[in-house]
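One structure below.
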Amino acid sequence: MQPRTPLTLCVLLSQVLLVTSADDLECTPGFQRKVLHIHQPAEFIEDQPVLNLTFNDCKGNEKLHYEVSSPHFKVNSDGTLVALRNITAVGRTLFVHARTPHAEDMAELVIVGGKDIQGSLQDIFKFARTSPVPRQKRSIVVSPILIPENQRQPFPRDVGKVVDSDRPEGSKFRLTGKGVDQDPKGTFRINENTGSVSVTRTLDRETIATYQLYVETTDASGKTLEGPVPLEVIVIDQNDNRPIFREGPYIGHVMEGSPTGTTVMRMTAFDADDPATDNALLRYNIRQQTPDKPSPNMFYIDPEKGDIVTVVSPALLDRETLENPKYELIIEAQDMAGLDVGLTGTATATIVIDDKNDHSPKFTKKEFQATVEEGAVGVIVNLTVEDKDDPTTGAWRAAYTIINGNPGQSFEIHTNPQTNEGMLSVVKPLDYEISAFHTLLIKVENEDPLVPDVSYGPSSTATVHITVLDVNEGPVFYPDPMMVTKQENISVGSVLLTVNATDPDSLQHQTIRYSIYKDPAGWLSINPINGTVDTTAVLDRESPFVHNSVYTALFLAIDSGNPPATGTGTLLITLEDINDNAPVIYPTVAEVCDDARNLSVVILGASDKDLHPNTDPFKFEIHKQTVPDKVWKISKINNTHALVSLLQNLNKANYNLPIMVTDSGKPPMTNITDLRVQVCSCKNSKVDCNGAGALHLSLSLLLLFSLLSLLSGL
C-alpha cells in the first residue's frame with residue numbers, strides 16, 4: 001500500500017455526500033470546491049456578495065436548496081453567499097449544505113482571521129482539519145457523515161460512501177452498530193459492493209444526535225478481512241422546535257414605590273434544538289401588558305437573560321392609585337437570536353405590586369359614645385378606622401391600645417379581624433355608685449411598622465365617653481358564707497345567729513327582707529325583718545343532711561326595688577358531737593363445727609355513729625344473766641374487735657348469744673345484740689347446717705340442761 005499524501009487524506013476526510021457511479025467520470029455531483037477561504041473583513045455588509053459557490057448534481061440542479069450554518073447568511077439560487085445583516089464576527093468556519101432530489105454535499109468556508117464564537121458548527125465535527133491525521137495501517141477510509149434532520153421522501157437516500165483502495169476482489173462491506181443491527185434497527189444500510197451508505201427514514205436530532213457505526217470488509221463467507229472502523233453519523237440540526245416555558249406559573253412580586261430598574265423576576269424558556277446553534281439561541285420580549293395603565297410600558301425584559309425589570313418612576317408604582325395592583329405580561333421567546341425567521345413560544349407572567357405601609361390608620365371620628373349597665377361585661381362599642389393599605393397585610397391590620405383612663409383595668413380593646421374595627425369591652429363590672437362616667441383615650445397603629453417618611457398623626461387617636469347606667473342590684477350578705485358552731489341536740493328555739501345583708505344601691509335607700517331559700521332538714525327559721533335565725537327542730541349531727549359535721553342552709557335577702565332584686569347568702573353550721581348513739585356489733589350470725597378442734601366462733605367488730613371520744617375503745621361482754629360461763633367466752637382483740645369462742649363442743653343446733661357492747665362516752669352508751677351461732681355437722685370437708693334449725697335451743701334451755709347435768713353428776 002503506497003503512502004498517501006496529507007492532501008489526499010484531507011480530501012477523503014471531507015468527502016461526506018453522494019458520489020456517483022465510478023463509471024461516470026465526466027460529472028461528479030457536489031460542490032466543485034469543498035473548502036473555500038474568506039478573509040475576515042471589518043464587517044460583512046447586508047446583501048453584499050461574499051463569494052460564489054458552485055454545486056452540480058449532474059441532473060440539472062432541479063429544486064436546489066441551500067442551508068448555511070449561520071443564520072446571518074444565506075445562499076441565493078445563483079450560488080452567491082450574502083449577509084442578511086451587517087455583522088462583524090461569525091467565527092472561524094461556515095458550512096453550506098446544498099441539496100437536490102438527486103444529490104447533496106457540504107462545503108466548508110474558512111474565515112481567515114476569524115475568531116471562535118459560541119454556536120459555530122465546527123464544534124459538531126469530531127475531527128480537526130487543522131491537526132494532522134495519524135497514519136493508520138488500514139485501507140478502509142471513512143469520513144463523518146452529516147445528515148440534516150427532517151429529510152423527506154424519497155428513501156432510501158444515499159448520504160456517504162466508504163472507500164477501500166486495497167479491498168480484495170469479491171470482498172464485501174458490512175455495516176453494524178446503533179441504527180443498523182441495534183435499535184433503531186434498519187435506519188442505515190450499506191451497499192456491500194460499492195460502499196455507499198444510505199439512510200432509510202427521517203432522522204430527528206432531538207431524539208438521537210449522533211450514531212456510532214462500524215464498517216468492516218468481509219470475504220464471501222462473512223469472515224472479517226479488515227476493521228471494524230468507526231463511522232460517525234452526525235445529525236445536523238434544523239430549527240424545528242419552538243421555545244417552551246416549562247416552569248410556570250410565573251408569578252413575580254415587586255414592592256410599590258420600587259426604584260426604576262428593580263428586577264422583578266426571570267423568565268426562562270427551553271428550546272430542544274442544538275444549543276450550539278442559533279436554532280436554540282433565544283431572545284425575549286414583552287408582547288402585551290394588561291392593564292396598560294398608567295403606562296403601557298411598565299416593565300422591560302432583558303432580551304438575552306429574560307430578567308423583567310421596572311422601567312417607570314417609583315411614583316407610578318403606587319398601589320393605592322392603581323386600578324389593579326396586578327399586571328399580566330405576555331412574554332415571547334424567539335429562537336434564531338430573535339430573527340423574524342425564528343420560532344416563538346409564549347407564556348404569561350403575573351406581576352403583583354406588593355403593598356408597603358405608607359398609610360397610617362385613621363379613626364373615622366374623633367369621639368365615640370358608649371353606655372353600659374353597671375355589673376355588665378362584654379363589648380360596648382366598635383371603633384372604626386380607615387386605612388388605604390392592602391387589607392390582606394399587616395400594613396392594614398390595626399392594633400388598638402388604651403393609653404389613658406383605665407387605671408383599674410376594667411376595659412380591654414381587641415381588633416375584629418374581619419372589619420379591622422376596635423372592639424372595646426368591659427372586663428371588670430362597673431359600679432354606678434362609684435363612678436357613673438368614664439373617659440378613655442384610644443390609640444391605633446398597624447401591625448407592621450410605617451415606612452420612614454410616614455408617621456402617626458392626631459387622627460390615630462380617639463376619645464371614648466362611657467356612661468354607666470344604674471341598675472337595681474341585689475343585696476349582698478356579709479360575710480358570705482356565714483359560719484356558726486353549735487352542739488347537736490340543742491333545744492328547739494335556740495338562736496343560731498343574725499344574718500346581715502346590705503344594698504349596693506346606697507342612693508336608693510331600699511329596705512331588705514329575709515327568707516329561707518334552702519333548709520334541707522327543715523331545722524331553721526328566720527325573722528324576715530331583722531334576720532335572726534333560730535332552730536325549729538333538734539339538730540342531729542348524724543343526719544343524712546349533714547356532711548362532715550357541717551349543715552348547709554341558704555337565705556335570701558330581697559330589696560324593695562321595682563322590680564325587687566335578690567341576694568343569696570350561705571350559712572354553714574358546724575355541729576359538735578354528743579354521745580347520743582350506742583355502738584352496734586357486726587356480724588350477727590356465725591357458724592362453727594360440732595366437732596371443731598379450734599373452738600373459735602367469730603371475730604366481732606363494733607361501730608358507732610358518734611365521734612371520738614364517744615366511740616372506741618369498746619367494751620365487749622356476754623350478757624351473763626342468761627348465759628352460763630362454762631360454755632362461751634369473749635376475749636378483747638383491740639379497741640374495736642373481740643373474739644367469741646366455745647369452751648366445749650356443742651351439739652348441732654342454732655344458739656342465740658346476747659352480746660353487750662359499751663362505748664367510751666361520758667356517760668357511756670350500751671347496746672345488747674343477739675349473736676346467732678349455728679353449730680353444724682362438718683364431715684369430709686363438707687359443712688351441713690340444714691338440721692340445725694330443727695334443734696333450735698334458746699340459751700335459757702341450754703342453761704337448764706347444763707344445771708341438770710351438774711346435778712346428775714352429784
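Every residue gets a Cβ built from N, Cα and C, even glycine.
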Candidates are Asn52, Asn489; I want to know which one Swiss-Prot annotates as N-linked glycosylation site.
Asn489
Among the glycosylation sites listed here (Asn382, Asn598, Asn638), which has the Cα closest to the Cα of Asn530 (N-linked glycosylation site)?
Asn382
Which whole-number mean pLDDT does the model give the domain 'Cadherin 2' (246-363)?
95
With every protein chain in view, how many other Cβ atoms are within 10 Å of the Cβ of Asn530 (N-linked glycosylation site)?
10
Just how many other Cβ atoms lie inside 10 Å of the Cβ on Asn382 (N-linked glycosylation site)?
14
Other than its own, how many Cβ atoms are within 10 Å of the Cβ belonging to Asn638 (N-linked glycosylation site)?
10
Work through the glycosylation sites one by one (Asn489, Asn500, Asn598, Asn638) and name whichever has its CA nearest to the CA of Asn382 (N-linked glycosylation site).
Asn500
